[in-house]
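As recorded in Swiss-Prot:
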BINDING   62, 63, 64, 65, 66, 67, 109, 148  NAD(+) binding site
BINDING   116, 148, 179, 258  substrate binding site
ACT_SITE  203  active site, proton acceptor
């Protein structure tokens, strides 16, 4: 590369010769992100991380070599329009070596008529092939699980990786909370960026909407609306909750899969982690000991967590109603029972 560049560039006065190895740029640690699974979700995540300039190198891993090579080439061919990022790919975990962040999107698809337990067991078998090798190649990495059922598989990844719980995170209800904020913003006719609102607990149908967490411009939304006698009744609240829970199903029913929203959701998590932003996100973390969840129940579910370069830096103690806390504990109990069936 140095010899070729010397044909185009000339050193400044008193500068090193173009080909001199000591003239390289001052050392800066490069950031590497690996994405395991090159399906619709994995590629949306890779594309979003690429366009947001979050990594110097992106490694793609998938079991289908031709599709993988095609996806990598498709991104590489856009190099003139994107930040300078090295894109590598392979079917072997060795390509992920020295990653800072490993995003796992691979997962077994449910067969019609298959039980939830059988699907979980097939996913565990898949994770046994994926997680230990990537953990071995990048022992200091952060592990971000996106595959569903995300809470159980985050637990599986934690057990199989041997990483501390602070470095194993599930995407959890980060996207659910984005949908929540969007729908509240639509109802109030404000920007979603000015709305704070959290969905917590198990990702999916049993996620818990924390109504008291809703604020707009720093003002508690429900109290302000009640004080001004504006409408935000129980029916409206329940309608929003149902729309949040059904959001993914609606998208899948219309286009066959979800991709872009989860891509942006994961990129927001990657930004907080890799750039040490210490922002609070509702993500799947080890929840034992929080909100009455037994210390002996090693379950992962979503709680507002402060994220930085070291992973989970702390979990916010929310002021939940008894009904919200009870629902959270029920989800934890169900997740714990499912995890016990996996024999990890």
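Numbering starts at 1 and runs along the chain as displayed.
Placement of Cβ uses the backbone N, Cα and C atoms for every residue, glycine included.
Given the structure is predicted, the values throughout are model-derived calculations rather than measurements.
Sequence features annotated in Swiss-Prot and their locations in the structure.
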| residue | record | DSSP class |
| --- | --- | --- |
| 62 | NAD(+) binding site | coil |
| 67 | NAD(+) binding site | helix |
| 109 | NAD(+) binding site | coil |
| 116 | substrate binding site | helix |
| 179 | substrate binding site | helix |
| 203 | active site, proton acceptor | coil |
| 258 | substrate binding site | coil |
Among 67, 116, 179, 203, which are recorded positions, the residue with the most C-beta atoms within 10 angstroms of its C-beta: 203
Other C-beta atoms that fall within 10 angstroms of the C-beta of residue 65 (NAD(+) binding site): 11
Integer Å distance between the CA atoms belonging to residue 258 (substrate binding site) and residue 65 (NAD(+) binding site): 23
Recorded NAD(+) site residues 62, 63, 64, 65, 66, 67, 109, 148, farthest C-alpha pair in Å: 25
Number of Cβ atoms other than its own within 10 Å, given for residue 66 (NAD(+) binding site): 8
Other C-beta atoms that fall within 10 angstroms of the C-beta of residue 64 (NAD(+) binding site): 12
Local Cβ density at residue 62 (NAD(+) binding site) - other Cβ atoms counted within 10 Å: 23
Pairwise C-alpha maximum, in angstrom, for the residues (116, 148, 179, 258) that bind substrate according to the record: 26
Rounded to the nearest Å - Cα separation of residue 109 (NAD(+) binding site) and residue 116 (substrate binding site): 11
Distance [Cα-Cα, Å, rounded] between residue 203 (active site, proton acceptor) and residue 148 (NAD(+) binding site): 9
Nearest recorded site to residue 64 (NAD(+) binding site) by CA-CA distance, among binding-site residues 116, 179, 258: 258
Alpha-carbon spacing, residue 258 (substrate binding site) to residue 63 (NAD(+) binding site), which is rounded to whole Å: 21
Alpha-carbon spacing, residue 63 (NAD(+) binding site) to residue 179 (substrate binding site), which is rounded to whole Å: 32
